[in-house]
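Lifted from Swiss-Prot, the feature list:
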| type | residues | note |
| --- | --- | --- |
| BINDING | 17, 18, 19, 20, 21, 22, 134, 135, 136, 137 | GTP binding site |
| DOMAIN | 5-187 | domain 'tr-type G' |
């Protein structure tokens, strides 16, 4: 009997907060995978940060055993995916490991930007999509309208979509039936050479790297010699098994169509990249599975220890996080203002925040982070070109022929009342309007091309505040475009503070420089001498503010008396302040580095 017939591999895709992880909990509970005692909320979100923010960061998997009423037993492999735009590549690999996807839509909110983005990813991977409408127990639920919307916008049949409530457990049985009925069984040949997709990997201090795999062809068991196709490295499999969400070893191994894990004493996650193909060393498959891309950082930021002596500890912390996160890259750098630290590359803003939070939390380090910047392509007048990740490394303007910046294609879904505000925001951020489609009378999708550097700072927050939190955003990198950019330097007391330098579009340099100078004036404490704050482009000062000096009243002891006596004392004080200003250093508080981002 072909056991593949009784396997279903599926994942759950949804917009943030539409109840994806809660639905996963209910499915685990319904199939008896976990007992009531082990049940806690969001079982598959294992990281403390994931639970706290209520988001899924790493993909997880679980094997459910579902008994139908006719006695047939099915193995359902649930692959949980992150829903955030930073982790799109991980989602696409998780989806490539499945044959079907459950599309969860919130009955009160309808389709959102991420729902569409992840749904299109699923369609790109030729998955069977099963719509499920969640949160029908709420008073404001509109299941019939939402069904219509799914049919109109995505074009998939939603007439008999199960109406469930993941919170109360209503109609969860229907979802399991739909999975078995609608999602096709996996294909694949057990006797062909081994071909398996790594859809996630993490580091375990006892087992080395644990690779989550979906076997497409062939089989793998302990003792098999395997080869990873992107690096051509060979390892011997130590253990194979399945997820119940905890790891459960299986001696007989995994065969075509199954989802499970392998360990092979791999030391670093970078050697077992997500999206790579595993094959047998002795009998390799002809071609790797399509779609592998090395993780490319999109956003760079400097991370420095508050206490310079903790530099080594910070390095260790980043190395440990990197073992588990192949997308994180870092290299040492020094800054005149902040001392020794690292320039780190991240997938996006959420990824950056998470790493910073984990460094502070898991390793108890106080860190200062500099403004995030994107990667610019710089072409010099002598024809050389290079990638610029740190604004301080920009050569003088006279040596630069032109610069290019990354541009993203953004889709924003918003209620029609806020269309004007959203378009105004996009225009203000140098966006190019592409098109606009109405989803229903009250909601619209707007497509814009926007430079990534405009999104990196606070685009998302501003978008939320302009639409009272109703708009949702999704974006993908489109490519690089030539643009007029300049480097904005900030000088304090005549000294350039390298950590505050940034690259800005020429047209916005004055406005941005003025705003930063005003902001710093509020933050920098008063010193015994006056501190000029200047914003400069090249050698030209474009804005200036002054933090006034604190002074002692030297005339307090003179009662009446001659004016020349007072003049002498004031002159003496002036001389002293002048000398102080030449020798004095300006203290820059930590908030100054972050406040630069919040300037609007």
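Glycine is treated like the rest: Cβ placed from N, Cα and C.
Within the set of binding-site residues (21, 134), the lowest number of other Cβ atoms found within 10 Å of a Cβ is recorded at 21. DSSP assigns residue 134 (GTP binding site) to a strand.
Taken together, the residues in the domain 'tr-type G' (5-187) have a mean pLDDT of 75 on the 0 to 100 scale. For residue 17 (GTP binding site), the count of additional Cβ atoms within 10 Å of its Cβ stands at 16 [all protein chains shown]. Long-range Cβ proximity for residue 19 (GTP binding site), meaning a same-chain Cβ under 8 A and a gap of 6 or more residues, is found for 104, 106, 134, 135, 166, 167. In sequence order, 107, 143, 163, 164, 165, 170 make up the list of same-chain residues 6 or more apart from residue 136 (GTP binding site) whose Cβ falls under 8 Å from its Cβ. Largest Cα-Cα distance over the residues recorded as binding GTP, namely 17, 18, 19, 20, 21, 22, 134, 135, 136, 137, equals 17 Å.
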